Amino acid sequence: MSFDSPSEEKYAADFKQEYAHRDATPKNALEAIGVKVVHDSTQLAAAETKQVGSAALAAALSKSRINPTSRESFTLYACCFLTFLCACANGYDGSLFNGVNGMDTYQEYFETGKDGPLVSQVFSLYTVGSLIGAFSAGPISDRFGRKWGMWAGGLVIVIGMAIVSSAHKLEQLVGGRFVLGWGIAIMTVAAPSYCVEIAPPHWRGKFVGFYNCGWFGGAIPAAAITFGTNYMKSQWGWRLPMIFQGVAPAIVMIGVYFVPESPRWLMANGREEEALAFLTKYHGNGDPDSALVQLQWVEFKENIKLDASDKRWWDYRALFATKNARYRFLQVMMISVFGQFSSNGLGYFNVVIYQNLGYTSSAVQLALNLANQVVSAMCALTAAAFTDRIPRVKILTWGTAGCAVFLAINAGLSEVWSKQPVDKDGNVINPNLAIGQGALAAYFLFNALFSFTYTPLQGVVPTESLENTARAKGMAFSGVCVSLIGFINTYAGPIALANIKHRYVFVFVGWDLLEAVAWHFLGVESCGKSLEELDEVYNAPYPPFASRRKQTIAVKDGEVLMAAE
């Protein structure tokens, strides 16, 4: 049964009829694009050489380029935008309840307080829903396809939105939060898998990086909406922002009817002609003999299995069965844990942090929250634009170390602020505003650098690291890990901030330094390589070193030459 749009089905059928008689699959990737391996370095002497991460991919791109302004390319952009909206749904919630929790009308209705156990319950049930929902996310995307996984997640989120926006009791609100988390888990497994699998190799980093920047595409509108509705002195002040939570998922549910399915999912499910038709149409400018199409096709044939564990919903052995798989999974766990536990989890409680620094006005807190989101988003989008040019491991190593520095400054200045004398109502007497402003600036800079370092790569690293038929289940495991860390952040965070206040930040200073060391020695570089080429990297004795090794190529008399290793 095919769920693809009529136009895609017709294109695949016409393609099959025209090219079914052809069987020109090259024996290997280098043969696919006509690269000649030379053992005598003098043959390269008269040609201009360059160092690349993948000789095969660099050669393919030198011979065939995708037209970025073609109709097919704009279809790919639309596909990427749909995944962006999936991330928007996640980011919207992350900012929504941070803003709603600071509203007087919300507090008067539910009486949860701005920190403490009740706030932990409301925030963390979303995470519990994500944790449990992750176990259904992988099988849904593997069984029905990546784009229909996005559709299913959108449906669950819309149901959750209806529950929370109509809540009259705290129990209903908490239950709706659980449903929302479940839907997000399904969506955020399907969306990045779809995005990384449809993207041309040289656009992959930008596509998936842009996908994860969708977090801000949801967080900023949520911050702006809650800032505006805060002035409504009725229940609609907090109900309207919750209703808007269903907008992005609804658009995704409609949009999936008009976009193609992932070619790697098609290949893994025995629909080879449709997979090759996709590559030809969207990666080859309609030419099946395009070097980029031929390179990817031979890699598809070599690496994608029809009888893999993605056909068995209960089978997760592909994630751990071999050294190759275990090192891949290590990358997934590192980005999942470090991406959630580098003090960025405090973003849920920005209002409390601002209050601890002396910014007690609800309007000022919401304005600062909005400004923080905008600055962070600009940094994340800037990083996404360079994701395919700057080595991933280098960004993660130095960016994480920089985050530790800004956190240390913030924690130190916050400690000085806390030592100032206060009156009987707890207000600082003759406060030195420069201290609070310095601490706030350091916190903004931390968020900006974290967004530059992690936001694009939180989608890129796990999807690139996982083998094709293990991708959905691996992303589901990543979702479980993210949810567990998120549960710790959202449940322990309010309690820690209520008891030890700014000193909670000191925990993350040392931890971020350890993360930087881990990235340097254990991070595997995937920039400049196709997804299938990474299999050779992970089969090496020490993948981090193998991934950073460069290959030498040259073009001489119209022929692409590669130096033998």
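Positions of Cβ are set from backbone N, Cα and C atoms, glycine also.
These come from TrEMBL:
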type	residues	note
TRANSMEM	74-92	transmembrane segment
DOMAIN	79-527	domain 'Major facilitator superfamily (MFS) profile'
TRANSMEM	118-136	transmembrane segment
TRANSMEM	148-167	transmembrane segment
TRANSMEM	179-196	transmembrane segment
TRANSMEM	208-228	transmembrane segment
TRANSMEM	240-259	transmembrane segment
TRANSMEM	332-354	transmembrane segment
TRANSMEM	366-386	transmembrane segment
TRANSMEM	395-413	transmembrane segment
TRANSMEM	433-454	transmembrane segment
TRANSMEM	475-498	transmembrane segment
The transmembrane segment (74-92) versus listed stretches 118-136, 148-167, 179-196, 395-413, 433-454: most Cβ pairs under 8 Å: 179-196
Rounded mean pLDDT for the residues that make up the domain 'Major facilitator superfamily (MFS) profile' (79-527): 87
Residues from the same chain, set at least six apart from the ends of the transmembrane segment (208-228), whose C-beta lies under 8 A from its own: 80, 83-96, 98-100, 102-103, 191-192, 195-196, 199, 238, 240-241, 244-245, 248, 363, 366-367, 369-370, 373-374, 376-377, 380-381, 383-385, 387, 451, 455-460, 463-464
Remote residues contacting the transmembrane segment (433-454) - C-beta distance under 8 A, at least 6 residues beyond either end: 216, 335, 338-339, 342-344, 347, 353-354, 357-359, 368, 371-372, 375-380, 382-383, 395-396, 399-400, 402-403, 406-407, 409-410, 413-414, 416-417, 420, 502
